[in-house]
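Listed in TrEMBL for this protein:
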- 20, 21, 127: divalent metal cation binding site (BINDING)
- 14-236: domain 'RNase H type-2' (DOMAIN)
């Protein structure tokens, strides 16, 4: 998403950009990366627009500033909203992608997209993730024509990063506020608090919405360590193994298969399974998700 339609004249002159994120720590909802950019000659005016680190501003003030910058024709902005499912999937995949790398890739993507629009970026200020110097070198190697300043607390040091902080924070707040729960189970509600692990309201919501087999709703970053405490009573599932073992005696590969005994699978279809497969008497949780019982894979 960007505020720019047709590329303005100022974008063809040397421009600066600020990059910041919102929602890195919460166990609920997306992580959002935001950027704000403008002509380098606009810096003095930018410093008078009351942008500040979004964490130091009240929600109403952040909303007001965001609406103002959206209508400011001397400013461009963009966001990258990273879904909680994507975060968890990347962090738990076989070749794991850690949160720092996800963050770096998001920032790199915002720079690349802005350049692709035709904006002449010459300086980019970034609120660091990980070691500032290593991050700066990484960015400089990808974009050698751009000067990068990567530092801690950049959102309180540079107005262009403060503006990006507001863009990211307001976008995440709105995404969480307007989140449509995919799940349709009974007794689901939206009183999940701030989404941070230490929030009592968030803790209560997680406890209420855990499921012993299916875990948490898709709003939850299930890769977060916070979720482990709610998984003590979960059903243990052992999936069919795709790994092949070499038969040393004849050189053939024998496929190993493990039974799903923990959730009641047997080799013979029972009468209760016939009822379940027909959909009659099935738990509402399964009906709502159109899940079917399979005896063979």
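Quick reminder: no glycine exception, Cβ is built from N, Cα and C everywhere.
In sequence order, 19, 20, 21, 151, 152, 153, 154, 155, 161, 165 constitute the residues six or more apart from residue 127 (divalent metal cation binding site) in its chain with CB-CB distances below 8 Å. Look at the Cβ of each of the binding-site residues 20, 21 and count the other Cβ atoms within 10 Å; the largest number goes with 20. Apart from 20, 21, 127, the divalent metal cation site neighbourhood in this chain, defined by C-beta within 8 angstroms of the site C-beta centre, holds 19, 22, 33, 34, 126, 129, 154, 155, 161, 164, 165, 168.
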